Structure formats: structure tokens, C-alpha cells
Amino acid sequence: MAPIWSLLAVTALILQAIAAPYVTGNSALTSNLKDIPSVGLGTWLSDRDKVADAVEYALKAGYRHIDAAWIYKNEDKTGQGLSAALKSTKSLSRKDIWITSKLWNAHHRPKEATAAIQETLTNLAVDYLDLYLIHWPVAFVPHKGDELDKSVSLIDTWRTMENLVRANLTRYIGISNFARHEVEEILEECVICPYAHEFETHPYLQQGEFVEWHKGMGMKVIAYSPFGDTNPTYRGSHIEDDGKKKQTLLKDPFWVELAEKKNSTVAQAVLGWGLERKTVVIPKSTSKEHLAENLKAADRIVEFTFEEMEEIGKRDKKTRMNNPGRAWGVDLFSDLDDPTKLEHDEVFGDGDL
């Protein structure tokens, strides 16, 4: 008879298989990549005059993952960098690169969604995406600014996303900035289920339970803003109540000391922590020095002990940097750390991530 621990292990595996949704990709679109690369290049707020060169340099340096979005207003420049790298590097093909983009809030209706992804493909100069995400669980009325569109449900939008896979416009689909109950709503109804969920997570907003839950559901977690409050766009995140500047994550004495111990830069240590948690990290930069520095993290040059991970966990501030819920009049992240709370919440971000 098999030992009881063995039977329990098998039972656990069966239960996990039952619980996890079947994530379907598009078999008609092939790739040389087995999975999404663990380190990608983020392009939010990348200077239009610099992003093309940054993307080209990154791909030549070894990046194989680019994270874009229609609302970033630089997809055309991102596409120029992509095309330049492919043209000048004979050993590099489209199938070697993972490209993610996102459906903006005003494009949730079927007609607008199809036009939006077509525009993205044109701007990026590619025939298909590897991953297309619903940028926010919020729909705007087309051409009406941020007026909320009550005629489109999340499930309606997801059905539209599934049709984009069937139309060979993207290999996978996913979500971004969803609360857990919103993810569960999609999982209950999906035919083609989410490949990944991109959301804010870093040492100051760790969301450990939420990250682990996604793993159990068979979804990848893509961590945006992996350096937390380093981004100056996060209004108010750098100022204490007394008006003094806060210490940003990359200058946090704890992380400075830990990086010295690991013989790495602070950025590499922070990215290494994200990789230790099995999340995909997408730091943004247009600096060649920083691009190279960040990519080295993919080689797992920084690893952490169980005790170190526990100590980092104790330093979670549960502070969200990007929350446009109040500006939009929407309760975002309602069952997660640092939700909107429309009555009194401070809006740090402008909601473009």
C-alpha cells in the first residue's frame, strides 16, 4: 500500500488540476518561446523620442519580451524599434519575441475592440500579439471621455477577447488590474481562459496571497511597477504628511544593505525578489545602462533564502501607487490591499498602466 503522504500528494495534484481553468492558446499562431519570458521591457511613460532606440537596443541585448499598450501612445515607436531590431539581426525573428498589448477602457465593445487591436498591430508592425489584456475592469462609452459604459459587462468584454483569439489576432488573452472577485467572474464563464494577470506588485505592495492564488488557478502574474514608488508619476507617493520627501524603494536602507550582501545593484535585488516569487517583471527604462542592468536579473544572479523572503514579507507597506478609481468614480481593487475607497482615497496614479 502506498504511504499516506503519497496518497495525499496525488490527491492534492488532482484537486489542483480540477480547480485550475484550462488556459487555451491559439494553436494556429506558433512561437519559438515555450512561455512568457520572466523579464520584459515595460514601455509606459517611455519618451517617444527614445522608445524606438530603447526597444531596438533591448532586443539586440537579449530581451525577448516587450510590454506595450494602446493608451501609452508610443506603440508606433515601439514598433519602429522592433522592426529595426528584426531587420538588423539575422538570427532574430518575430517568433523569438513575446509581445503584449492591452485593450483600453473605451474599446470594450466588439467593434471598437477589433479596431483597437488592428491599430495596435499596425503600429507595432506585426501580424499578431502573443498576449492581449483587458487593461482595466472598467468600460468607457466610446468617444465620451471617461463616461462609464454600463451597457458592457466584463463577461461581454471577455467574449469579445475570446473572438480575437479565434480571429488569429492574438495567441493568448488575459487581464490587468482586476480585483479577485472580478477574476473569479471571468474564470466561471471563460471558454478561452486568462493566460496571465498583470497588476501592480512590488516589495511595498506584495499581495502574496493574491499572487499564490493565481498560481493555483494556472495563471501567470506579470508585475508592473516592480520598483514601486520610484516612478515620479505616482503623485503623492514621495511626500510625507509633514511635507518631507519619502525614501523611495531603490534607496530604502534595507534594500541597499541586502543588495550589497548579494553583490548586486538594488534594482537587480528587487527584480530578483520578484523572480523568486515566480512573477514576471517588466521594468521600464530607456537607458542602455539600466536596460542591461535589469536584464541580468533574468540570469537569477540574485537568489534569496527562506529567512530573507520572510524578512522582506514583514516590510510590506500594502501601499498601492496606481489607483485611478476615484477619478473614474469606480471602486477598484475592492477585495485587495489598499482599495479605492471613493469617499476619501487619494489618487496616486493616472490609470495608464
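Quick reminder: no glycine exception, Cβ is built from N, Cα and C everywhere.
Predicted automatically and left uncurated, TrEMBL annotations should be read as such.
Listed in TrEMBL:
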- 1-19: signal peptide (SIGNAL)
- 39-312: domain 'NADP-dependent oxidoreductase' (DOMAIN)
- Tyr72: active site, proton donor (ACT_SITE)
- His135: substrate binding site (BINDING)
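Straight-line distance linking the Cα atoms of the residue listed as 'active site, proton donor' and His135 (substrate binding site), rounded to a whole number, equals 11 Å. The predicted model assigns the domain 'NADP-dependent oxidoreductase' (39-312) a mean pLDDT of 95. For the residue listed as 'substrate binding site', the same-chain residues lying six or more positions away in sequence with a CB closer than 8 A to its CB are Ala69, Ile71, Lys102, Leu103, Trp104, Asn105, Ser176, Asn177. For the residue listed as 'active site, proton donor', the count of additional Cβ atoms within 10 Å of its Cβ stands at 23 [all protein chains shown].
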